[in-house]
């Protein structure tokens, strides 16, 4: 039974990774799961210098999910390389580093700093909805996406994945722009912009006012967008958005995703990623499927 999948020449032992920002770099989760079991680990967003993130409160629960406005808090790329990448080197698991920035220059600085490191792929975060500078401002303009990709590809040594925002009129236009700019793969969806009001205090539940919504409630939207993008471009896709179990993951794969990312479920169940992998393998055995690749985009 073959569970290997390939994105931009990089082969994953299985089609399951973690969604950026929900798993750190795996340090805490390594106490619960064998990180060697994962197809890949996608790290939290990394910028050129430390980012403090947004003011608190910055997380709120919703029906079927959560809102977050963390603001891509991180220690900066130098500390990330020294601490996080050093930790990840001990595992036989592919490493995808999520790159964020407030300007094209900052994206380039991070990409150049990582060019000689043990990183398999870069995920360009141009779609975080709760960072006022960069990120989402770039991800909603197809011309800007193509321009950023063209610039990043001049400096990147690793294949580049572009993470797409669902907060657009037509996500396929953004996907086409990323493809035209030279992207090697796409990941989608990032979180949907949402809001919650604390009626007792007559105030916003999150200091940032709005936050990114994730969790099971967004899954039907995410599956639909993966299907649309898979039929609009020729790039491989990492699908995500509300995956809780193997059945959810298989929906994304059948819609056209080569790899799936488990996100918010990690906060509820630290074993979620491994359980998704085991569930996919069980589905393949039960249905006598010899190659996971036969399921990718099988629903037309």
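Backbone N, Cα and C atoms are what each Cβ position is placed from, and that goes for glycine too.
Taken from Swiss-Prot, the feature active site, nucleophile applies to 128.
Counting only residues at least six positions away in the same chain, the Cβ atoms of 166, 188, 189, 214, 218, 219, 221, 222, 223, 225, 263 sit under 8 Å from the Cβ of residue 241 (FMN binding site). Following the DSSP three-state reduction, the secondary structure of residue 241 (FMN binding site) is coil. Residues or ranges marked as FMN binding site by Swiss-Prot: 20, 44, 45, 98, 125, 163, 189, 215, 241, 242, 263, 264.
Under the heading substrate binding site, Swiss-Prot lists 44, 68, 69, 70, 71, 72, 125, 190, 191, citing similarity to another entry as support. All chains included, 30 other C-beta atoms sit within 10 angstroms of the C-beta of residue 125 (FMN binding site).
Comparing the binding-site residues 45, 71, 263 on other C-beta atoms within 10 angstroms of each C-beta gives the minimum for 71. Sequence-distant neighbours of residue 20 (FMN binding site) (same chain, 6+ residues apart, CB-CB distance under 8 A): 42, 43, 44, 45, 98, 123, 125, 163, 261. Taking the Cβ of residue 191 (substrate binding site) as centre and 10 Å as the limit, one finds 29 other Cβ atoms among all the protein chains shown. Site extent for substrate: the farthest pair of Cα atoms among 44, 68, 69, 70, 71, 72, 125, 190, 191 sits 16 Å apart.
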